[in-house]
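Colleague: TrEMBL lists these features:
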type: DOMAIN; residues: 103-518; note: domain 'Major facilitator superfamily (MFS) profile'
type: TRANSMEM; residues: 21-44; note: transmembrane segment
type: TRANSMEM; residues: 150-170; note: transmembrane segment
type: TRANSMEM; residues: 177-195; note: transmembrane segment
type: TRANSMEM; residues: 201-224; note: transmembrane segment
type: TRANSMEM; residues: 236-257; note: transmembrane segment
type: TRANSMEM; residues: 263-282; note: transmembrane segment
type: TRANSMEM; residues: 349-369; note: transmembrane segment
type: TRANSMEM; residues: 375-397; note: transmembrane segment
type: TRANSMEM; residues: 404-423; note: transmembrane segment
type: TRANSMEM; residues: 429-452; note: transmembrane segment
type: TRANSMEM; residues: 464-484; note: transmembrane segment
type: TRANSMEM; residues: 490-513; note: transmembrane segment
């Protein structure tokens, strides 16, 4: 009895049907970008200072320029150029008193402005920006700056919970139904976030978006990989992630055209309602239908694929069986991931690499939003380097292997972060170039870990291994905002130094993993434990095999 893969080889592994489905579902991949890294524009923090009643009137009366008003009425930077005093403190002065002059109005109150008492910003802040962000609208600065970290962490909490639960839901109720439920909830919560009257409501709707958006992205990824034949599966998976990069480029353009966060959020959410029309374009996965013993429905979809691809359906095809049939059903356990030494080592290294990829990828984007000169151009240029990253992967993983490109990409990202931290600000072009190299490196590492994770575990714990290890990606996303925004308060480049250490360690650990190029997927724990790695082990294994063959001859 043929499998779905056997049939796809005859009716088309990547024919017109698969191309149409791929291009359609790639739009869903692109739509995840505003949710994953939209914090760069939604949470942009412009230069700001305390609002002091009476200052605006005094400035108009005296005819001050913007620079003069700031020089006369706003405290200077603190020790070592610390911006806290300038942004989060104000002079305790009644600016409405008539005794204040127009030339150095504070001179009559104290011989030195540093001797004047400072107080908190009780009347809000003035922001130096023509647009708006959640920071400027809800005053997420100074004592409330942690609320911006929480905003981004909440969406990653949603990613974590949603990704953990989506495997069961999609396997229980089907890919198609689950996909469209997530699209509907994502679109609705996105619009409600755009009109949220308070920070609390905005946080709730962002959390809901996180719960369903990445889950929908994963279901879409599963669908397209189940529609195409095995020869195209890896390439399709990589280009599905390239579509996410296209979403980053579009996001930069839309954010530039719409500098107000509510309009930006509304605009990037609207396409999700259009995706509901996919219900009439995208069928259910025939693999899932077969796993649920719905062979008749699966056969109808197979015939539809054959018709779309212009290929005849073999007359001998009467029924299908799943691609994997297990004679003895094994119940996977979390203990299986740490019970044996080699699998335990792989689990820990993969968990760390998922964590590293997420922290560096999101962290570099958020840090760029704080340190860049032109946030829109910097975001656009750094996103462009993700395209060569994808092509390098395609041309190296089946020629050079997985391990060395993966290790090199992590080391490149770490080294670029370390170099960028110490490049002077007046060499901005060099700083940007090195930052783009780091972005390319961590993008490669992110995409390779997605491919290799499943190749290192035996069949019966493969899904569990991928789920547990990739969950560290979302843990990294939860930590990244606090890591970036809090460490920059100490030193603007300190997050880059931390990223460098984390990335270099990840590159070294990858070299401890076995190479999977050209290797069959391990079926049992014994096969996984004996996967060849260094040449020495390989020679030893050949010797043991010869010895074993000699035994029956005695």
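Note: Cβ is positioned from N, Cα and C throughout, glycine not excepted.
Curation does not apply to TrEMBL; its annotations are automatic.
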Colleague: Below 8 angstroms Cβ to Cβ, which residues of this chain, lying six or more residues outside the transmembrane segment (375-397), approach it?
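Modeller: Hits for the transmembrane segment (375-397): 40-41, 44, 234-235, 238-239, 241-242, 245, 248-249, 251-253, 255-256, 364-365, 368-369, 405, 409, 432, 435-437, 439-441, 443-444, 447-448, 451, 517.
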Colleague: Please give the sequence-distant neighbours of the transmembrane segment (464-484): residues at least 6 beyond its ends with Cβ less than 8 Å from one of its Cβ atoms.
Modeller: 39, 146, 148-153, 155-157, 159-160, 163-164, 167, 214, 332, 334, 336-337, 347, 350-352, 354-359, 362-363, 366-367, 370, 450, 453-454, 456-457, 495, 498
Colleague: Examine the transmembrane segment (236-257) against the transmembrane segment (263-282) and state whether at least 3 Cβ pairs sit under 8 A, considering only residue pairs 6 or more apart.
Modeller: yes
Colleague: In the same chain, which residue numbers or ranges, 6 or more beyond the ends of the transmembrane segment (349-369), come under 8 angstroms Cβ to Cβ?
Modeller: 36-37, 39-41, 43-44, 152, 375, 378-379, 382, 410, 413, 417, 435, 438-439, 442-443, 445-446, 449, 453, 456, 465, 468-477, 479-481, 483-485, 488, 495-496, 499, 502-503, 505-506, 509-510, 512-513
Colleague: Take the transmembrane segment (150-170) and find every residue of the same chain, 6 or more past its ends, with a Cβ under 8 Å from one of its Cβ atoms.
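Modeller: Contacts of the transmembrane segment (150-170) (Cβ under 8 Å, skipping residues fewer than 6 from its ends): 35-36, 39, 43, 134, 140, 178, 202-203, 206-215, 218-219, 222, 288, 366, 463, 467, 470-471, 473-475, 477-482.
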Colleague: Is it the case that the transmembrane segment (490-513) and the transmembrane segment (177-195) have 3 or more CB pairs under 8 Å, with pairs at least 6 apart in sequence?
Modeller: no
Colleague: For the domain 'Major facilitator superfamily (MFS) profile' (103-518), report the average pLDDT of the model, please.
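Modeller: For the domain 'Major facilitator superfamily (MFS) profile' (103-518), the model's average pLDDT rounds to 88.
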Colleague: Are there residues at least six beyond either end of the transmembrane segment (429-452) with Cβ under 8 Å to its Cβ atoms? List them, or say none.
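Modeller: Beyond its ends, the transmembrane segment (429-452) has Cβ neighbours at 234, 237-238, 241, 245, 350, 353-354, 356-358, 360-361, 364-365, 368, 372, 378, 381-386, 388-390, 392-393, 397, 402, 405-406, 408-417, 419-420, 423, 470, 499, 503, 506, 513, 516.
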